[in-house]
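Working notes, structure below.
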Amino acid sequence: MDHFQYKNGILHAEDVPLPDIAAAVGTPFYCYSTATLTRHFRLFEEALSGMNHLVCFAIKSLSNQAILRTLGDLGAGMDVVSGGEYRRALAAGIPGERIVFSGVGKTRDEMGFALAHGIRQFNVESAEELRVLSGVATTLGAVAPITLRVNPDVDAKTHEKIATGRKEDKFGVPISQAREIYRLAASLPGIEVVGVDVHIGSQLTDLAPFEAAFTKIADLTRLLRADGHSIRRLDLGGGLGIPYTRSNETPPLPMEYGAMIQRVLGDLDVEIEIEPGRLISGNAGILVASVLYLKKGEGRDFLILDGAMNDLIRPAMYGAYHDIVPVVEATAAVEQSPVDIVGPVCESGDTFAKGRDMPPLVPGDLVVFRSAGAYGAVMASEYNTRPLIPEVLVKNDQYAVIRARPSFDEIINRDTLPKWLR
Ligand code: LLP
C-alpha cells in the first residue's frame, strides 16, 4: 500500500496534488511519500518485534539526506556499501553504532574512515579483506567488529543481475570455507568476530530461498559457536520483493518474512539485523514526467516523455516493469490503446514499455511511473547532458524539494580544460 492515490480524479502524493508540484518544480522529478516510507519501515519493526533486532535501511536504494533523516528519526540503522554512503549516513545524523558496512571491495581509506568515526560492524567478504581490515584497525589502535558474509549457494530465483547468493556469484565466502576463515578472523589482532552475514539477492518474491539460506546460517552458527566464536548477531541482508504491478504479484509480506525468521532462527539467542532497501523505498517513490509528443509510427505509436533512461534505468537495464499511469485519472469509459512509452535519449534502449495500453494523452499531460523510489534517483546519470532530476518529499499537505535540479552551468563547469587547451 502506498500514499499515491487519486482524489477527485487527480493523482495526489499524500494530500498534495501532483500537478501543483509539477507546476512549481518542472518535470521530470522524483516524488517521495513520508507516510509510505514510515509505514514500510514500521512493518519490519513489527515483523521483528518479538526479537532483539535492528532494521538497517540499504541506502543504496535511495540515499537522499531527507530520506535518511526521516528513517533515522524512526530509529533505523543504515547499511552502506561505500565511503560515500557511509558519509551520507553520518551526515544525516545516524550514529556510527547504527551503521553497517557491506560490499566486496572496501578500500583501506573507507575502512579507516569508518573505524575513526564509529561503526556497528563490517560485513567482510574475503580472507584477504579480513587481513587488510585487521591491519588498518591495528594501525589506528582500534579493533574492527566484523561478520563474515557467507555465500550459502542458494539461488534466489530473481533477475540474473541481482542474484548474489550462488557459488558463482562474486559475493561472500563459500560456506564450505567459513569455519576456516572464522578461525583466521579470531587469530587477527585487529578483528573482533560478532556474527554472521548473508544476503542472497534482491526482489525475491518467495520466502523459500530465504529460508534455505537462513537454515544454512543457523547450522553454521551452531558450528561456529562450538568452535568457540561468539556469534551474537546475524545480519540477514535485504531482498524482500515488492509488487511492481497492481494485480498479479503477491510477494510475501514483512510479517510472513518476520515469522519465518523467528521460526528458523528464534532459538539461537541472537540479535537479528536486516538490510531492506526496496521494500522500504520502492513504493514510497514515483517518477513524474510530461508527455512531449505522441508520434504515429508505422504499425505503432510512440508516447515520447521528457523523462528518459538516464532518469530511471531499470526498464533498460533489467527489462523491469513499472506501472505508468496518467495523473488525471482515466475513467473506465475511456478507450485505451497500445503505445510504446519512450524517452528522448538517443538509443532504442530508452524504452520504458512496449505496447502498453494507455488512455489518449496530449503534449503537456503528466504521467507517473509507480514504484520508482528504489534504485531510481540513485542510479540516474547525466547521459545526453540531461541534468539529474529534482527530488521532492511530501509530508501530509506539505512538500519540499530535497535535491534541486542542477543548472547547465553547474554541470558544464565541472569539466576543466588542460593547460594546452586554455
Ligand atoms: N544488502 C546488501 C548487501 C545488498 O547488496 C542489497 C542490494 C541490499 C541489502 C538491499 O536489497 P533490497 O532489499 O533493496 O532488495 N539495482 C537493482 C537492485 C540491486 C540490489 C543490490 N543489492 C534494481 O534496480 O533492481
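Backbone N, Cα and C define each Cβ position, glycine as well.
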Binding-site annotation, TrEMBL, pyridoxal 5'-phosphate: partner of GLU275, PRO276, GLY277, ARG278, TYR375 in GLY228, GLY239, GLY319: GLY239
Those recorded positions in GLY239, PRO276, CYS346, GLU347, TYR375 whose CB falls under 6 A of ligand 1, listed in sequence order: GLY239, PRO276, TYR375
Cα-nearest neighbour of PRO276 (pyridoxal 5'-phosphate binding site) within the listed recorded positions, LYS60, ARG314, TYR318, CYS346, GLU347: LYS60
Within 10 angstroms of ARG314 (substrate binding site), Cα basis - recorded positions out of LYS60, GLU275, GLY277, ARG278, TYR375: TYR375
Sorted by sequence, non-GLY239, GLU275, PRO276, GLY277, ARG278, TYR375 residues with Cβ within 8 Å of centre, pyridoxal 5'-phosphate: ALA58, LYS60, SER61, SER202, GLY238, LEU240, LEU279, ILE280, SER281, ALA374
Recorded positions compared (LYS60, ARG314) - the one with the fewest other Cβ atoms within 10 Å: ARG314
